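> My questions will all concern the structure given below.
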């Protein structure tokens, strides 16, 4: 038996999210992406796999209209707030906005040049706007109802605008003369869509009066009215080079040409939900789908139709939008002279809540999903397209399970209509129906080994075993499924079922807080598991051990022994009800998901949660585990389906690769430091995200000549992301007194290099500066206090300068020699202070110790003040010393501060001052005053 490798991490590799809630949408000119209204937001979706590319936040009002510029660079949106916004799709930023019509904007159209935007309003007005300037260029009124459709003439040289209204009229507006050229009045109901022929002289209009009209744009006469017998929502012109026309070229159609009517093929879609192709000169439908691909229940016939259609220019495919938020993409195909439309892709814009889902097929390429609708949707995981839809239930589908039996991929479903249905995924229709439950079927499970039966549990509190014996091989008739065993299992609704790997036991979990194990097929009770304080939402057998795992609304997960029903382990960690729990890695681990929107990975042996994933915004109802447990899927109330892959091996390889690369890059960093190539060293330190090494480089730069020049050279190649990361480092360094001086030095360089216009574009700059400013103010206050304390020497200088010294003739020469020696010693001490790289001054006022680097600048200021008072000291030290007591007093009063102690300087003051040259003394005093004032300045 091979060893089991525990899984350490899963990664969400793909996500299918809600991207269309109905209403307006826009298609890019190349058909590569869609812009869809999703409530108050706009979703940009990849048309190939329905993956969400970006989201544009609106103005908290419902989006009413969307349009794209011809080059797909700009998106125009309108909402109920009457605000028109122009979005740059490259940056997803709003370029400009303005208020439009007096009522909500119901339609937008951009001309072929991309410079004009037309709005159709509910206020019956039509306005044309300059896109770059945001001002109104044309204002048209004349409609008597809401303007429902709007379109520019496709020829950029003909500034003509077509509008349709629910007053049953269409109007043609000339932008050059700013007049209405014609009013088209052949419709009897709302006009919904327009199309213009390639020569630009024929207009096709479609409406809900079940007709399509062709108009001559030279004299604005109606050439032909074609009855369609259904309310039309969209009309699309088929070009002469389109594959649609190529298919019809070889097909034989009855010839009934009308004189004066151009031969145009066009597509119409409407309330019936089928695609039809018409020929104008014959006035006939030349193609009609046999059956609709819009799958809704009989109770929702109003959602069966199409609401829009569009022919993709690049791929020549037909895109149709349904009333239930689905995008159907058709491609034309001809075989043996028969034209067909193949449904190549189905993109579901809104899934409702995900109730349950399971992987389908041996290769698990498909995912069967049950939502809060009457359908089961099967998704192709490679393209995330809905491959097909299974319809038959009359109420919402609550649960499902899948299996492969006798080469047939089967799906069994339970619904709120009290029935169970069996489906063949290849035939894509129902092959069996089972009735008998008196309540909604909320739990269902296939047998694991023999695949000849399944078990269902219902809100009527009963279990039923349904046999698949006698199921016909053909799928022509629906087989009546029969229950061979029934038991009243619980006192409340049954939420979950699980069948043992050997098909001998079935476990049921109920809202009555218990889980019961039954022997199959007789449904004889084996043991009842009691211990949960709330209802049980999920049960499952271990694939290798004789135990069962249960998940409950009491926020706990328990593992039970089958033999005696004892609780072996209890797992806590979820903050809300635990809805699903399933074993993986041969029973050594399990995955759980809950109402808190969290997915957790647990190890059974250590009872430890080793990973938590927060990729859902609401309850996670569904959990599907692949056969090899390398892939799983989750879905919930947020209508999001997430696909996860085991990334344990890849993460390990990635960590090893990063470690190896880090060693190599680290050596490059050391080499760059040795070569004093600081630009490259700083760049490598940023790439390796080593802030400590980066700080050492900056500190070393400060000791070089012209450090600012070196910093500017190093920052020259920095982008916004590098500057953001640097500001994060500065914010951290600035919080520590020992590192703040280097942080301020680098911050000054950043402010010097980076202009304010570029700095405001850095992501999170406001938060970063808010973290830097308070500490910078604290450092400034501390340095300011230290600087102010140095003014004590200035006060001493001022105090001593008012004393008029008098020297005696006898001791003058001797005192001058002694004081010259003292002066030399003072200067030597000052020079020694300046050579200290790190020193600490004792503050005389606060009596506290300052950090070494922070007081260095203050020490220099004190040294300069000392040099400023030297002339005065030379005059004072020439005085006679006739009194020993006064000598001691002078020693005490002339103390000067040094690294950790006060330096003493003797002031010799005598009672008997001799007469000296007053002019020389006054000259020395005035000179020292000037130097002192200059230093203070």
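Cβ coordinates are placed from backbone N, Cα and C, and glycine is handled just like the others.
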> Do you know which of 886-905, 906-925 TrEMBL annotates as region 'Disordered'?
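My reading of TrEMBL: the region 'Disordered' range is 886-905.
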> Could you tell me what the rest of the chain brings near the repeat 'WD' (56-97), counting residues at least six beyond its ends with Cβ under 8 Å?
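Distal contacts: 23-30, 33, 35-37, 39-44, 103-110, 112-114, 117, 119-120, 129, 131, 134.
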> May I ask for the residues of the chain that lie six or more residues beyond the repeat 'WD' (613-644) and have a Cβ under 8 Å from a Cβ within it?
7, 10-18, 350-359, 364, 367, 369-371, 379, 381, 579-580, 582, 584-585, 591, 593-595, 597-601
> Quick test of the contact rule: Cβ under 8 Å, at least six residues beyond the ends. What residues does that give for the repeat 'WD' (529-570)?
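Apart from its flanks, the repeat 'WD' (529-570) reaches 492, 495-501, 505, 507-517, 576-583, 586-587, 590, 592, 594, 602, 604, 607.
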